[in-house]
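First up is the structure itself, then whatever we jot down about it.
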Amino acid sequence: AGRGRAVAGLSGLCLCLRERVRAMFYHAYEHYLESAFPYDELRPLTCDGQDTWGSFSLTLIDALDTLLILGNVSEFQRVVDVLQERVDFDIDVNASVFETNIRVVGGLLSAHLLSKKAGVEVEAGWPCSGPLLRMAEEAARKLLPAFQTPTGMPYGTVNLLHGVNPGETPVTCTAGIGTFIVEFATLSHLTGDPVFEDVARKALKALWKNRSDIGLVGNHIDVVTAKWVAQDAGIGAGVDSYFEYLVKGAILLQDKELMSMFLEYNEAIKNYTKFDDWYLWVQMYKGTVSMPVFQSLEAYWPGLQSLIGDVDNAMRTFLNYYTVWKQFGGLPEFYNIPQGYTVDKREGYPLRPELIESAMYLYRATRDPTLLELGRDAVESIEKISKVDCGFATIKDLRDHRLDNRMESFFLAETVKYLYLLFDPDNFIHNDGSVFDVVITPYGECILNAGGYVFNTEAHPIDPAALHCCRKRKEEQWEVEDLMREFYSLKRNKKFTFKRSSNHGGGESAKDPEDISSEKGGEKRNSKKRSHSLLSCPSQSFNSKLAVLGQVFLDNT
């Protein structure tokens, strides 16, 4: 009885907080539409807008898949139409290659793959074609000139109309080189054009080739000469999403090489940068400490650890970071670990998502209520400190709660999304594979919406099964067909419910014969029991380590 009351209490807490997060989203989103659209971002203190990353109506793109996660299909459909009408990439704008990829390309790809679920009337051939996919491809092609360097590592900035400017600096941060494989590989698999995945892999391998003898990479490198310009090694700003994409690329593509690269880095990181469950910055060649600071961007690390099954270490590090949050009501950009206080001119908190992201992953893995407490604290802090009449403002200084006139698009793309998913255990994003769709494409049948979504570093979910829907080379086709035969062979167990749907006219979904026979007998089967390996697509020995629920690599499988 006591256990039941505790579970009911948690459920009630989650429901209450979930609705508060929903209200936060709409307070910010509606004021963006009223005061800032079509600019990239809302300026919440002056109730107007500004372009920041390229004049793409960026907040609208970044918020699109969050709308669906909150269940707002009508607004999702409206925004899809607006983006098709208004967004133009043939503009004379200098754009960040990194930011355009994670926010624009990633946001459009995610929305494309979620379109059918959102009730959008998709065209014949989806998910291998569609207007949002074409927009994502167009945006990505504008970035390709940046990769035309002797090393294959991209410049940091590109002009969307003219390519790389002649005087462009060749110095790029590590994350700006190694954060493309999720979006670009997805593009290559959906469009059939290998150029995107090829350039992303070449950039990843160039960083790997230029690691130090002790296995570390620095913060900034010259993409022409491959000389390290900033030699501080750590897991935070300037490096962070490179490590993230090695893991997520390995999961998305079931790629042993990417995972082995990360695991080797992970050993070097533990050997040289980890102290008492904190991670410091060290000199990449010597391993000597250069900065004993924690950066708020490092708070993604416990979530990444959970994806490789290292949950105990992840929780210990998470709890360290949580103590900083409780000290200030947010994570300052830099925190001096020995002094236990903020670093001068780095006292701000721009409503970043990373600690909340880690809480979501770890809660999926452990169900530890401490993680819900962090979510509750985040909701209360953001509402109390950051909420203004026209949205939510960046916190300029956590010591005195002064605000800055900016609301970054990632607040709606990431922070609110991860908070909502932390408190919504039944969201379709958390699907454990017991329910899925079978979609007919020009290349055969494929499975979608089975869960196991891989979030890009802007929290745009990518359905990994979609990468197997558009195979064009005969020798690669239809691992999915084998998968389907496995499902059909499970008639006796009746473990799965799925819908067979066609993209040609959007008519009623046909049911599997087994479901029909069950319904005739007065039953509708939708058991939660399942075998994770059955949703591994394609089926490989490496993939047996990939759990659909939480995408965790386990050593004992």
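The backbone N, Cα and C atoms fix where each Cβ goes, and this holds for glycine too.
Predicted automatically and left uncurated, TrEMBL annotations should be read as such.
Values in this document were obtained by computation on a predicted structure and should not be read as measured data.
Listed features, source TrEMBL:
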type	residues	note
ACT_SITE	GLU99	active site, proton donor
ACT_SITE	ASP240	active site
ACT_SITE	GLU333	active site, proton donor
ACT_SITE	GLU354	active site
BINDING	THR457	Ca(2+) binding site
REGION	499-537	region 'Disordered'
COMPBIAS	509-525	compositional bias 'Basic and acidic residues'
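Sequence features, as recorded in TrEMBL, placed on the structure.
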residue	record	Cβ contacts under 8 Å, 6 or more apart
GLU99	active site, proton donor	TRP53, GLY54
ASP240	active site	ALA175, LEU297, GLU298, TYR300, THR457
GLU333	active site, proton donor	GLN295, SER296, LEU297, VAL343, ARG346, GLU347, GLY348, TYR349, PRO350
GLU354	active site	SER296, LEU297, GLU298, ALA299, TYR300, GLY303, LEU331
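The Cβ neighbour count for THR457 (Ca(2+) binding site), using a 10 Å radius over every protein chain in view, is 25.
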